[in-house]
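Asks: This structure is in C-alpha cells; I'll ask about it shortly.
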Amino acid sequence: MEDFVRQCFNPMIIELAEKAMKEYGEDPKIETNKFAAICTHLEVCFMYSDFHFIDERGESIIVESGDPNALLKHRFEIIEGRDRTMAWTVVNSICNTTGVEKPKFLPDLYDYKENRFIEIGVTRREVHIYYLEKANKIKSEKTHIHIFSFTGEEMATKADYTLDEESRARVKTRLFTIRQEMASRGLWDSFRQSERGEETIEERFEIRGTMRRLADQSLPPNFSSLENFRAYVDGFEPNGCIEGKLSQMSKEVNARIEPFLKTTPRPLRLPDGPPCSQRSKFLLMDALKLSIEDPSHEGEGIPLYDAIKCMKTFFGWKEPNIVKPHEKGINPNYLLAWKQVLAELQDIENEEKIPKTKNMKKTSQLKWALGENMAPEKVDFEDCKDVSDLKQYDSDEPEPRSLASWIQSEFNKACELTDSSWIELDEIGEDVAPIEHIASMRRNYFTAEVSHCRATEYIMKGVYINTALLNASCAAMDDFQLIPMISKCRTKEGRRKTNLYGFIVKGRSHLRNDTDVVNFVSMEFSLTDPRLEPHKWEKYCVLEIGDMLLRTAIGQVSRPMFLYVRTNGTSKIKMKWGMEMRRCLLQSLQQIESMIEAESSVKEKDMTKEFFENKSEKWPIGESPKGVEEGSIGKVCRTLLAKSVFNSLYASPQLEGFSAESRKLLLIVQALRDNLEPGTFDLGGLYEAIEECLINDPWVLLNASWFNSFLTHALK
C-alpha cells in the first residue's frame, strides 16, 4: 500500500500527509491505510479549489489555463494541509475580516463567494452515515459539509453542492480511479474495511494460566478436563428424544412429554372481584400542572421558590371541601393537612427572606396521616424468646381484584405526544469510532421520537420526586418536610417551563436498611372528577379546592380543580430505582436497536436511516382484542418506552413473577408458531405459577389480558 500511495499521489501531497501523521505520532509505513486516506482527502481538497476564482466584479469564474493578466482572487482558501498553528491563524484572520462565526474544529476550506467554511469528507462507507457523523461532530449550522464517496455518491448540506457539475465530476472520477487502482493491486478491501474498524476474533482461542485453572475447577462433576466437557457438550444432540436426554442427565427425572398443539393452551384466568385501583406513587394521566414559562425569578431552581411562583399563577382557589372520602381514613385530617400547607406557604411569603426548605408544624392531622407513633414498639428478641405463644401477626390474604378499563387508558395516554420536550439531546462528546457514530445516529433518531412523549414526562417526574424525597429523608430525618413535586420542560418554541404538580409531606425517615419505609402524604392537583371512576381512587381522599378557567374551542369554561390526597410510603431501595428511571429510555432504545440490527443483517448494511425515515412502513405494536395493532416507527418507540416506564412505576413482586413465568409460556407458543413442534411437561404447573401472580395489581392484570389477546391471535 505504501508503494502504491507514493506512486499514485504527487510528492507535495505525500509530504503534507507525512507531516500530518508525524504531528499525531503515527507512522506512514505502519498505518498505510491511514496514509492513503489522508492523501486522498488532501487531493480532494486541492481539486475542489483548483481553477475556481473570483473576478473583479466578485463573480465566481472557472479559469483552466493561467492568464497572467487577469486580476483574479482564489475563490477558496485552503486550510487543510497547513500545520495546526498556521491553520488556526488563517481561520482567525478570515473570521476577523468577514465576521463569520469561528468554528469549533478546523475546517478544510473557506469559500469567499458563499462566505462559509467547508468541511470536506471522503468516505469508504455510505455518504449519509459519514455526513451525520460529521454533522454530529461539528454541531454548527454555519460550516457547510460536502461528502464524497469512492462509489460516485455525494451528499452536501441542504443539497447545496457549491461547485458546478463538471468540477465535482472531476473529483468523483479521481476517487473512482484510486479505488480501481487499489482493487487491481488487491488493496481495496483492506482499505475499505479499515474505516469501519471491522475485526474478526479467532473462534476458539487458547485459555491458559489462571483462567485455565479456574475453568478446570469449575467443571460439572464427572468431567476430568475442559476438553472432555467440551466434547460432551458438542456431542449433545439437541434434537433427539427429550425423555432420554432428561434421564441421561439425572436418574430422578421421569417426565412424560406432551405435544403442545394449537388446541393445547387455554387463556389465563383473570381474578374476579371489585375493580382494581390506582397504586402509583404519583398521578399519571390525571395530573394537572401549574406552570411558569421562562422562569427568571429570584431563587429560580430552588424548589420552594419555584413552587410558590407556580402557585401564584392560579387565582381560582376556594374553600376546600371533600368530594370523595377515603373509605378507611379520617377524612377531615386530609382536609386539614391541605389547609395547613396553604397556610404555611402563606407564612413563608410573609417572611423577609424565603427559606430554601420548609418543615411543617407537627400537627395532629399530619401525625395521623404520616403514621407517627403508629409503629408497634420493637422489643429485643432476648427479652421475649421465652414467651410461649410468640407468633407472627396474621396478615390478611390480598383481596382479588378484577381488571378495570382505566389502566389501559393510562397506558394509551403514556404513549401519546405532549406539546413539550422533556429531555434534552445529551451533550455526548464527539464520536471516535464508526460504531459510536452509528450509535449516536440511532440515539438522536430515537430521542426525536420520544422526547415529547408523556412517558418521558413520567420519567422526569419520577426522577425528580424520588431524588427530592431521598435527599430530604437523609437530610431532615425527624422533620415533616414539605417537598414540591416539580418538573421542567421546553415548549414547542424552545422556552423553558417549570411545572408544579402538587406537594409531598415526608414523615420521619430514620432509614437504616434499604427496605425501611418512609411515609409521605401526597397532595396532587387534577381536573379529573373522582366520582366518574370511584374504584380507581379507592386509596385517595379527594378535595375540591378551586375553579380553573380553561380555553376551549367554544371559549373559556370553568372547571372544578381537585386535590388528590393520600398516605403512601416508599423505601431507600425504591427511591434509588426511582431516581434511575432514565434507564427506561435506554432499555427501549436497546429494543429498537435489536429491530434495526435484524433489518440490517438481512440487507447487509446499516438500515438506521431507512428504518426511521420510511414513514409509510407500519410495524407491529401489540395485540388487542381486534388483532395485531400496527403503527409508525415513532409509535413503536413510544409504546416500548411506555411499557418500560410502567414496569418501573408499577414494579411489584406480582409483576416479577408474572413476567418470568408467562415468558416460558410465550416461548412455547412462539416455538409452535415457528413449526418447531414443542413438547411440554407439567403445563398445569406453569399455568398455576402464572396465575398465582394475578391478584390485584392493575398493570399485571392488563399484561395478562394482553397475553390472552396474543394467545387468541397467535393460535388462529
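Cβ coordinates are placed from backbone N, Cα and C, and glycine is handled just like the others.
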Asks: For the annotation motif 'Nuclear localization signal 1 (NLS1)' in Swiss-Prot, which listed range does it cover: 76-91, 124-139, 572-587?
Replies: 124-139
Asks: Hey, Swiss-Prot has Mn(2+) 1 bound by H41, E119, I120. Any idea which of D27, D55, D108 it lists too?
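Replies: Swiss-Prot lists H41, E119, I120 binding Mn(2+) 1, and from D27, D55, D108 it also lists D108.
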Asks: Where else in the chain does the motif 'Nuclear localization signal 1 (NLS1)' (124-139) make close Cβ contacts, counting only residues six or more beyond its ends and a cut-off under 8 Å?
Replies: 103-105, 145, 147-150, 153-155, 191-192, 194-196, 430-431, 434, 437-438, 440-441, 444, 605-606, 609
Asks: Return the residues near H41 (Mn(2+) 1 binding site), defined as same-chain residues 6+ apart in sequence whose C-beta is under 8 angstroms from its C-beta, sorted by sequence, else 'none'.
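Replies: The answer is E80, D108, I120, V122.
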Asks: Considering every residue in the motif 'Nuclear localization signal 2 (NLS2)' (184-247), what is the mean pLDDT value?
Replies: 70
Asks: Take the Cβ of E80 (Mn(2+) 2 binding site) and count every other Cβ within 10 Å, whichever protein chain it belongs to.
Replies: 22
Asks: For D108 (Mn(2+) 1 binding site), which DSSP three-state class applies?
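Replies: Note: D108 (Mn(2+) 1 binding site) is coil by DSSP, not helix or strand.
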Asks: 10 Å Cβ neighbour count around I120 (Mn(2+) 1 binding site)?
Replies: 23
Asks: Cβ within 8 Å of the Mn(2+) 1 site's Cβ centroid: which residues qualify beyond H41, D108, E119, I120?
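Replies: Counting only non-site residues, the set is V44, C45, E80, P107, L109, I118, G121, V122, H146.
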Asks: Using DSSP, how many residues in the motif 'Nuclear localization signal 1 (NLS1)' (124-139) fall into helix, strand and coil?
Replies: 12 helix, 0 strand, 4 coil
Asks: DSSP on E80 (Mn(2+) 2 binding site), three-state: which is it?
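Replies: Once the DSSP labels are grouped into three classes, E80 (Mn(2+) 2 binding site) ends up as coil.
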